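Undergrad: For reference, the structure I am asking about is given below.
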Amino acid sequence: MATKTQHFGPSSTFITLFLVLLLHIHYAKSDLKLNYYSESCPRAEEIIKEQVNKLYHKHGNTAVSWIRNLFHDCMVKSCDASILLDKTKEQTSEKTSQRNFGMRNFKYIETIKEALENECPNIVSCADIVALSARDGIVMLGGPQIEMKTGRWDSKDSYLAEVESFIPNHNDSMSLVLSRFNSIGVDTQGTVALLGAHTVGRVHCVNIVHRLYPTVDPTLDPDFAKYLKTRCPSPQPDPKAVEYARNDHINPMVWDNLYYKNIMSNKGLLIVDQQLVSDPTTYPFVEKFAANNSYFNDQFAKSMIILSENNPLSGDQGEIRKVCRHVNK
């Protein structure tokens, strides 16, 4: 009995191509995994942790910088270390965006990178350094241990023109802030948890004075406003001067839930901090986190993982930079 030859029409061809595309997408997503460097550079994560520890004990503020790096990198299109690229004749830099005002300690990322290059040349991406240094920096400050996947690739481009479309400003409406985070998969509770990173670090007076001058923002606690005026005595602070107030002036370098207790007492530095309390969609989570530090840490860790896995590049889209501030030649 003769067998019939099957002929695949256009619809069958389309289905086949679609399945191949799905497999490709799945493969690209699955590039991130725990212990990605276990064979290619077994000590990679240990080296990053060692360097973060050394730098923290020399320059304690680096731990805060690592956390901020992750947020400012991963919110803009992808977790791909584009934030680290310097401005050149051929390349713009996200560092020059007003949204990234006050970011610092980039040179110490190169310290970590050099240690990795000495151990395993051309293996560990700058994007993974950004992610893992943030993870380890949180622990140095007393925050939760977070299991992070690795296998990110570095971008070949900077996205300066797109920064303001992805990173919310400190005085944006809460609905806009929530929508920006929601676009990368972080829900309302997760957004409130991530903003809890404001429990450490500092804010330059440039971003505070509009709440103090010419009149004090009525949502600020009056005594706290007096304190802020001692930190920011001029309505026109010099952006290049070291003029700032601590996010938490009691325990400024300790990871805890005091941030939420402070904003419930109208002692938030930024408008976005105060809006967490005034907005009915976010306030219930502020109450929860203020009441339970462990719950805050759990929710922060979950949201941090989502943020750190935002749209990672696959190998054909990126590269492993030799030096984090420049694309490879």
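Our numbering is plain: 1 for the first residue shown, then up by one each step along the chain.
Here the Cβ of each residue, glycine as well, is placed from N, Cα and C on the backbone.
Because TrEMBL annotations are produced automatically, they should be read as predictions rather than curated entries.
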Undergrad: The disulfide recorded in TrEMBL for Cys120 goes to which of Cys41, Cys74, Cys79?
TA: Cys41
Undergrad: Near Ser82 (Ca(2+) 1 binding site), meaning Cα within 10 Å, which of Arg68, Cys120, His198, Cys205 (recorded positions)?
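TA: Checking each Cα against Ser82 (Ca(2+) 1 binding site), there are no hits.
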Undergrad: Using C-alpha atoms only, work out the spacing between Cys74 (disulfide bond) and Asp80 (Ca(2+) 1 binding site) and round it to an integer in Å.
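TA: Cα-Cα distance, Cys74 (disulfide bond) to Asp80 (Ca(2+) 1 binding site): 7 Å.
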Undergrad: Rounded to the nearest Å, what's the C-alpha distance separating His72 (active site, proton acceptor) and Cys79 (disulfide bond)? Just drop the number here, would you?
TA: 9
Undergrad: Let me spell it out: for each of the disulfide-bonded residues (Cys74, Cys120), count the other Cβ atoms within 10 Å of that residue's Cβ, using every protein chain shown. Which one has the most?
TA: Cys74
Undergrad: Consider the recorded positions Asp73, Cys79, Asp80, His198, Cys324 and say which one has the Cα lying nearest the Cα of Cys120 (disulfide bond).
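TA: Nearest listed residue in space: Cys324.
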